[in-house]
Every structure is written in C-alpha cells, then in structure tokens.
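Trainee: Got a structure for you, written out below as structure tokens; questions coming shortly.
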Amino acid sequence: MRIQVNGEHREVEAATILALVEELGLDVRKVAVERNLEIVPRSLHASTALAEGDRVELVQFVGGG
Amino acid sequence: MTAPTDTWTVAGRTFSSRLIVGTGKYKTYQENAEAAEAAGAEIVTVAVRRVNLTDPDQPMLVDYVKPDRFTFLPNTAGCFTGEDAVRTLRLAREAGGWDLVKLEVLSDTAHLYPDMIETLRALELLIKDGFQVMVYCTDDVVMAKRLEEAGAAAIMPAAAPIGSGLGIQNRVNIRLIIEQATVPVLVDAGVGTPSDATLAMELGCDAVLMNTAIAGAKDPILMASAMKHAVIAGRQGYLAGRMPRRMYASASSPMAGLI
C-alpha cells in the first residue's frame, strides 16, 4: 500500500506499524512513532494497522543543545 | 570541599552535577560521550529528529551517550509554535518515557532569541499535557516571573545568543531572576569560557547548561573537564560568600612589629 513516511511517499508491504519499522530496517526500541499526528505507543506497534494514505513519522534522539 | 549534600532538585529529581551539557556539534558521538563524561554531567540535552530512512545503520546517539548513564533532557529546537513543541515532546516522551523537557521556542532570526509570547503559550500547553518543563528564555526579569507563575520547573535565561560564546551580557538581570525565583535558575546559552561558567555560578545559578563552549573548543574533552571545575569553583565561591568590595586598599600584612 502507499503511505507517507517522514514526508516521503512510499510503497510498503507492511500491514502494521511494527512490520513497517522492521521493513525499514530500524530498531524498534530506538524509534518513536506518530501515525496521522497521533502517538502510537510501543506496546501498540504490533496491533496498529496501517491504512492507505497514512502519514507516519519515525523519529529518534539526535545530538542537540 | 563541597559537602556531599550540595545537590539541586528540579521537578522532584535530585542531581549533584551542576553542569548540563548539550550533545550537538561534536565531530562524532564518541567524542560527545567522552566530553559528557569529562564534564561530570548527569543531564544531557538531546533533540528529536526523523530517522534516516536511506541509511538506517548510521550511528545513533543512544548507542554512545546512553540513556541509562545520563538523564536525557529532550529539547524543542526547531519549533516555532506551541503546537510544534507539544508534538515534538510527545514523540520524545514516547521515545524515552520521561516528562522532564527543555522548552525553547525560538524566533526565526539571526540572533535566535526565544519568542517569549509563544514560549509562554507553549509552556501552558505542555503543562496541560503533563510535562515538567525547563524553559529557555530571555533574561527578562518580568517574563521569568510569568514563566514561573505558569508552572515552569526551571527558568533558563540566555546569557548571550546561542552559540555566540560571548559570556554573561547582563549579570544584573541574571541576579534579579535568581533572587525572585522559587524554582531552579540555570544560565542556558552564551557561555564561552570556564570563567563565564564560574561567573554564572557565583551569581547564584543552580546550574549551567552549555553546548558549543565545549563542542566548539579545540580540545572538547579538556574543555569539558575545565568547565566541570569552573562550575564547582563558582558554586563554592557562591556558598562561601565573597568579600565585601572596597574603594581603597586594605593591607593584608600587619603594620605592628615592623623592623
């Protein structure tokens, strides 16, 4: 299905948030997820389904002052 | 010797190090981690950004500056509205699971001074959302009080523009902010040298927050160590109480018994 990840359009196989994080090769323990402007808690990654046109943000901590 | 009980407390968390360091602008995360250790820091500021989807294997901050070693203080750098700040810090809370945060709502200008009207509005939104907020602000004494009344966990006035290294530009204001505050006051931004950090602590700050002063030094690890000692020196000087200023000389050696 076609969704937006971090502002980029992408065709993905994943049907859930957890599957998406894994499909992108990311460490699920180190990223935070927002789906359509709502936080998806880590405990709900596996049970949160993706839908066509979803806008997903995947963020991490980086250096900052 | 500083008594081991000389600690400071923000939002119910107690720390003995009075030096908070940023994690930006280092050559590598490794150097960053070594500098944070050399500074004796217990708290480090961090930013929240999109992961790199094209290179998911690139080094990550948390692999070097570890969250089980340092208290992470997520910031809102890059946010220009209250809504941006709330969104960013909700993600930070999800990434790290804590509610102690640093609010900075900057004006989109060369001097990067905070937009205090929007900062106050963002603070109110964040408190409603359950955050404990340390607030980066101008050294405006009245605005600092407003922030405190709105529920800020700490007041963090800029000593000079972010990354400028110009040192404390208005020590009268910093002192007035400290005198009126019932929450911790930290100088955040503008420190360039160890003596700047010492001066901030001599004025009575509870702690100092800096990034570029260490990261931008020729030898960041050595500067981190210098800053650690500077903050301790300033704190001890503040606690010891300085001698009175005099207009005229006062001989240190006795006049009696001269040969």
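Note that Cβ sites are derived from N, Cα and C of the backbone, with glycine treated the same way.
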Trainee: Quick check on the annotation: TrEMBL has B:Ala189, B:Gly190, B:Asn211, B:Thr212 binding 1-deoxy-D-xylulose 5-phosphate, so which of B:Gly163, B:Gly237, B:Gly241 does it put in that site too?
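Mentor: Given B:Ala189, B:Gly190, B:Asn211, B:Thr212 bind 1-deoxy-D-xylulose 5-phosphate in TrEMBL, the matching entry from B:Gly163, B:Gly237, B:Gly241 is B:Gly163.
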Trainee: Tell me, what is the mean pLDDT of the domain 'Thiazole synthase ThiG' (B:10-254)?
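Mentor: A mean pLDDT of 96 is what the predicted model shows over the domain 'Thiazole synthase ThiG' (B:10-254).
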Trainee: Give me the long-range Cβ neighbours of B:Gly163 (1-deoxy-D-xylulose 5-phosphate binding site): same chain, 6+ apart, Cβ under 8 Å, in sequence order.
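Mentor: Correct list: B:Leu112, B:Ala189, B:Asn211, B:Thr212, B:Gly216.
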Trainee: Counting Cβ neighbours within 10 Å across all chains shown, tell me which of the binding-site residues B:Asn211, B:Thr212 comes out on top.
Mentor: B:Asn211
Trainee: Among B:Gly163, B:Ala189, B:Gly190, B:Asn211, B:Thr212, listed as contacts of 1-deoxy-D-xylulose 5-phosphate, what is the widest Cα spread in Å, to the nearest whole number?
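Mentor: Per the listed residues, the maximum Cα distance equals 9 Å.
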Trainee: To the nearest whole angstrom, state the Cα distance for the pair B:Gly190 (1-deoxy-D-xylulose 5-phosphate binding site) and B:Lys102 (active site, schiff-base intermediate with DXP).
Mentor: 16
Trainee: Taking DSSP three-state, what's B:Ala189 (1-deoxy-D-xylulose 5-phosphate binding site) in: helix, strand or coil?
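Mentor: Coil, per DSSP.
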